[in-house]
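**Student:** Here you go, one structure.
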Amino acid sequence: MDYSSLKRFLLLATGTFLLLLFAHFSFHLPSNPPFSRSSPFLFHSPSVNTAKPASQNHETDIASHPLDPLTIQEINIARSILLSYSPFSSSPSSLTIHSLSLDEPDKPVVRSWKTGNTLPARKAVAVTRYKDKPYVLSIDLSTKEVVQLPVPDSGYPTMTIEDMMSAPWAPFSDKAFNATITARGVRMSDVACLPISLGWYGQTEEGRRLIKIQCYSAEGTANFYMRPIEGLTVLLDMDTKEVVEITDKGNGIPIPSSTNTDYRYAVTKNNRAAWLKAPNPISLEQPSGPSFTVSEGHQVKWAGWDFHIKADARAGIIISGLGIIDPETGTRREVMYKGFVSELFVPYMDPTNAWYFKTYMDAGEYGFGLQAMPLVPLNDCPRNAYYLDGVFVTADGKPYVRENMICLFEKYSGDIAWRHSECPITDMEIKEARPKVTLVARMSASVANYDYIVDWEFQTDGLIRMKVALSGMLMVKGTSYTHTKDVPSGEDMYGTLLSENVIGVIHDHFITFRLDMDVDGPANSFARVKLTRQATASGESPRTSFLKATRHVAATEKEAQVKLALYKPEEFHVYNTEKTTRVGNPTGYKVVSAGTAASMLDPNDPPQLRGAFTNNQIWITPYNKSEEWAGGLFVYQSKGEDTLSVWADRNRPIENKDIVLWYTLGFHHVPCQEDFPIMPTVSSSFDLKPVNFFEKNPVLWLPPNQEKDLPVCTATATA
């Protein structure tokens with residue numbers, strides 16, 4: 001393949017996962033991957049107002065909190081220790097570092113630490129492979145002591161950035177692959193390929209790291225996802241880059257047209273219908289500045305809330321040490337020790353040869369944080385946003401900065417926190433209302449075609465909302481059909497015909513959160529409050545039925561496993577058995593579920609065995625520092641032997657213990673034509689709501705807006 005073709009291919013294929021990071025640069029893509037072992041790199045911010053110090057230099061960052069992420073200096077120290085550690089020192093080039101992050105101090109140590117105290121020993125945890133053997137190592141950055149930790153029985157660590165960038169272009173060195181592409185009538189310079197995790201389907205896939213590559217034609221559009229080279233799948237050895245097998249069962253399927261598929265505004269703006277007027281810009285102005293503060297890079301305070309926030313290569317955002325000031329007493333009260341997205345499970349519902357393996361684990365296989373892209377000011381986040389960066393590592397352990405990965409902003413969209421107006425019959429002219437202002441922490445991960453927006457939202461009434469929105473483009477299937485009337489009766493397309501030669505395949509999304517609740521301290525219990533219909537006694541009342549709430553405290557893990565059911569309503573309380581309100585109610589927080597979806601796959605289907613953490617929407621487990629990832633520490637090609645479902649099967653006691661709440665948001669997606677060529681953003685959420693936590697509603701202390709406090713804005717033009 002000539003240089004120009006290779007250059008074009010690399011631009012398209014790698015752009016899927018990481019080159020969006022460089023969208024604000026003007027640079028030429030080199031012939032070798034930019035993430036090669038020989039080239040350390042740092043990313044620099046675009047020239048926009050990102051509400052953070054313009055002179056911020058992560059090279060000089062120093063940790064000031066026990067949970068602060070590793071700094072660049074600490075990453076370099078850990079890397080040096082690793083390279084000199086036996087057996088790695090004998091052949092450093094054979095070492096691959098899949099992740100290098102903070103080895104957090106034990107929870108009691110963190111909880112007892114106070115600002116101004118000496119930091120606990122700073123340690124790093126490294127997940128590595130050396131000559132195909134995995135290692136999990138704890139590294140003391142001061143003493144340089146290295147301790148080997150247990151390694152899972154199956155699976156491989158999260159792919160590195162280099163894995164994801166190099167795998168798509170590896171097939172281009174294979175003559176049979178090139179011949180297949182040419183035979184399909186596609187120019188090599190127009191080919192864009194994706195690295196697709198293959199799950200686990202039997203022993204034939206064991207013994208080496210494998211990946212499947214599927215390709216698209218980018219001729220005439222940036223939205224190559226809408227132009228699949230259907231039926232062509234390359235099985236690749238990820239380490240040797242050897243093509244193991246090429247399957248092509250789509251010779252009769254045309255490549256869909258590129259017409260009207262491009263999504264870039266620069267391309268589409270001239271095609272906008274003349275009768276459609278775009279809405280005028282809207283901006284939230286804060287004349288007195290933001291109400292929140294960010295200190296030491298990671299400590300956030302706002303409206304009584306305070307918490308630690310950081311970026312993580314696997315989880316994305318991690319919120320820790322969450323507490324709130326009680327307006328009655330002025331004392332700080334604990335709510336949650338640590339919360340984050342633990343895993344994402346995305347199974348597609350097409351069992352055919354080119355699709356059955358598409359059952360992604362986006363956090364454990366690809367790294368949810370690694371796929372987090374720089375947020376776009378004024379569009380991803382409003383003008384009043386504050387931005388935070390992430391510091392991650394390449395496969396050789398060198399640090400790099402992912403800029404503008406998280407934004408923080410106060411949101412007010414005209415919603416009401418509380419209101420009441422007295423009607424005339426009371427003769428009381430009262431009109432009281434409070435604006436609903438919230439604090440949002442946001443990130444967005446672009447995992448190939450799909451974009452996930454994750455919001456942590458904190459409200460003035462003590463409520464915490466976790467919201468996930470789905471955007472981007474569908475992953476579509478090529479077909480010979482151009483109209484629904486062409487489809488033979490009884491044939492299952494496994495989706496919806498969206499356009500000529502394009503099928504949107506049915507699929508699910510499951511996002512599992514791990515929430516280590518510490519409501520007024522770590523000793524908590526979990527209660528299921530069941531609502532049941534009760535009949536009134538004969539002659540007791542004109543009513544014949546009413547609802548009764550019955551509280552059951554779960555003693556063990558299995559008693560706390562919840563499958564949500566509309567006609568079997570329950571409330572789910574995490575509460576402190578030792579703290580009560582003045583009238584005797586135990587202080588707590590409850591889970592308030594919103595629209596969700598449950599997995600309907602056969603429990604013994606290989607993907608569901610790996611994704612068994614979605615068998616329930618709610619799980620409660622006793623705190624265990626090693627049980628953080630719902631799909632297991634090693635997810636890639638795992639068999640499902642180290643998952644939340646397996647841990648909870650031990651049925652450990654959970655009453656009056658340090659417990660962890662797991663909650664899964666679910667989406668069923670049956671594509672429709674409005675999903676083509678780009679999808680409307682859809683979202684779902686769940687809440688952690690105070691239940692007997694406060695003596696009264698904290699919104700009482702929130703002042704109403706006054707005209708004198710607001711800026712006077714004049715429109716530049718009339719409507």
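Backbone N, Cα and C atoms are what each Cβ position is placed from, and that goes for glycine too.
All annotation found in TrEMBL is predicted automatically rather than curated by experts.
TrEMBL lists these features:
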ACT_SITE  ASP362  active site, proton acceptor
ACT_SITE  TYR450  active site, schiff-base intermediate with substrate
DOMAIN    65-148  domain 'Copper amine oxidase N2-terminal'
DOMAIN    157-256  domain 'Copper amine oxidase N3-terminal'
DOMAIN    284-700  domain 'Copper amine oxidase catalytic'
MOD_RES   TYR450  2',4',5'-topaquinone
**Student:** How many other Cβ atoms are found within 10 Å of the Cβ atom of ASP362 (active site, proton acceptor), counting all protein chains shown?
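**Tutor:** The answer is 24.
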**Student:** Whole-number answer please: how many Å between the C-alpha atoms of TYR450 (active site, schiff-base intermediate with substrate) and ASP362 (active site, proton acceptor)?
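**Tutor:** About 10 Å separates the two Cα atoms.
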**Student:** Run through the domain 'Copper amine oxidase N3-terminal' (157-256) and tell me, per DSSP, how many residues are helix, strand and coil.
**Tutor:** 31 helix, 27 strand, 42 coil
**Student:** Using a 10 Å cut-off, grab the number of neighbouring Cβ atoms around the Cβ of TYR450 (active site, schiff-base intermediate with substrate), all chains included.
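**Tutor:** Its Cβ has 22 other Cβ atoms within 10 Å.
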**Student:** Mean pLDDT for the domain 'Copper amine oxidase N2-terminal' (65-148), as a whole number?
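**Tutor:** Mean pLDDT, the domain 'Copper amine oxidase N2-terminal' (65-148): 97.
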